Amino acid sequence: MTADVISLLGAIFGPVSCGSPFDCTLDIDKYGILLWFLIMAYMFKALGVICDEYFVPALEGIAEKLGLSPDVAGATLMAAGSSAPEFFTALVATFLIVNEGGVGTIVGSAIFNILIIVGATGILACRERPLKIWWYPLSRDCTFYVIAIAELALFLSDNQILWYEALIMILTYGLYILYMKFNPWIVQRLGITVDGPVLEQAALTQNIDEAENRSPKSAPDVEGRSAEINVATFQESREPEAQRIGQPTPIEDAEADRPPEADRPPEAHVAVVEEQAGESAVENEDDEEKPKTGLAFWLRDPLVIFWELTLPSAEWCYLLFTLSVLWIGVCTYLMVDSTSRMGVILDIPVFVMGLIFLAAGTSIPDALGSIGVAKKGEGDMAVANALGSNVFDILLGLGVPWLISCVIGKEVKFPGAWDSIKYDILVLFLVLAIFLGSLIANKWYLTKYLGMVLLNFYVVFIVWCLLDVYVFKLIHTNSE
């Protein structure tokens, strides 16, 4: 098995060629697989930093300068920030290191988002009581997600992508943005009301945020990717009912009963948090990590230091956006290059390497942000983000690179790939069906036991893929 690609590692160390696991022509590939693994893992970390601390703030600044509404900005620019690693992986796999790794990453990321993000949300946000999920935004995103999966399956069934098929995927996402633009109006016209427990959870979360003198929209950067994308979810869940019945929401009632911020002594903050959330005290802002200076500043990740010294602030949002895109491209290229080389050494098909390793690595930053949101009691938002990211990944993460490739006259073909990809796409449908079926059977309550079930399903999925590669050889096999 060889890797015939535009590989920087291949140009430096020589092309990789292996007959079986670790039976390679180059000694560095026989004994140095740890090096490729460390490069891959380091690029995972680098992507998380560049996306969270530079790319997303740049997108926020652009959205503000363009005057985009929160729902449109969330479905476009903020979604791009959340899914940038997956998107750039698909670009690299389409134009540079050409293989099925991009498709594998998108499919694996979709499975990861539901099973891991939603599963972890259930465990972390439902320890004391189940979490009520509002059926409407979940059903809306599931509908577009099913359409995205169906299009992916239909267009890949002949092992190639045509220009109009890629265009249809992009236009479908445009329809999703249009729906989000008119979503509040649609909710109001249909007379859709919000379940009481959802309102109570939203009120509780907002009261805690106000007691700690912070806004839900101003979460730390690492959590901002999930919170910003879906911040409209709770807004839309509160406003229609208040407008329909002409009465204040529980949030407004709670605010009306509280004295003005300036009139409350510091002890009142602790009392509010204890009363509303059952917590013992408010987190002291003085405990926040202070900026490192002197030797401590230099004894850190050299790449992070380099970015801090060379990249502009978010005020220069367009320049920061451009430089962030370039760095994301570099990190993604090295990540895909090292992962592809590992796949050849381990004799694992590149699609499976994307399905397992690249999917998890590119999704971990987003997962950490969603889990952070869930810990604050906003599990509903974390669940919505998992599905919203999947819609973006499939329709734009694959649609845009494929359309560009077709326009410049480069064919997008995956010879024989459908024979294995179709089973993984079927897994996407099954995972969604299990998740939705469990929620409906539970009357739209997410519990910690359901979260454990979803996490266990992911473990079973990974074990099955590896067993199939090395033992059963039924689905995931290397094409010679």
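The chain as shown is numbered from 1 upward.
Positions of Cβ are set from backbone N, Cα and C atoms, glycine also.
Nobody curates TrEMBL annotations by hand; they come from automatic prediction.
Among the features that TrEMBL reports, transmembrane segment is placed at 34-56, 77-98, 104-126, 161-179, 316-336, 382-405, 425-446, 453-472. Annotated domain 'Sodium/calcium exchanger membrane region' per TrEMBL: 37-180, 318-466, in sequence order. TrEMBL lists 236-268 with the feature region 'Disordered'. The compositional bias 'Basic and acidic residues' annotation in TrEMBL covers 256-267.
According to DSSP, the domain 'Sodium/calcium exchanger membrane region' (318-466) comprises 124 helix, 4 strand, 21 coil. By number of Cβ pairs under 8 Å, the transmembrane segment (77-98) is matched best by 382-405 from the list 104-126, 161-179, 382-405, 425-446, 453-472.
Taking DSSP states H, G and I as helix and E and B as strand, the domain 'Sodium/calcium exchanger membrane region' (37-180) has 120 helix, 4 strand, 20 coil. The transmembrane segment (382-405) makes no contact with the transmembrane segment (453-472): fewer than 3 of their CB pairs lie within 8 A, with pairs spaced 6 or more apart in sequence. Between the transmembrane segment (453-472) and the stretches 104-126, 161-179, 425-446, the greatest number of Cβ pairs separated by less than 8 Å involves 104-126. Below 8 angstroms of C-beta separation, residues 107, 110-111, 114-115, 118, 121-122, 125-126, 130-135, 138, 142, 145-146, 149, 152-153, 156, 195, 379, 383, 453-454, 457, 461 of the same chain, each at least six residues beyond the ends of the transmembrane segment (425-446), sit close to that stretch. Long-range contacts of the transmembrane segment (104-126) within its own chain (CB-CB distance under 8 A, at least 6 residues past either end) are made by residues 86, 89-90, 93, 149, 350-356, 358-360, 362-363, 366-367, 370-371, 374-375, 377-379, 382-383, 385-387, 389-390, 393-394, 397-398, 421, 424-425, 427-428, 431-432, 435, 446-455, 457-458, 461.
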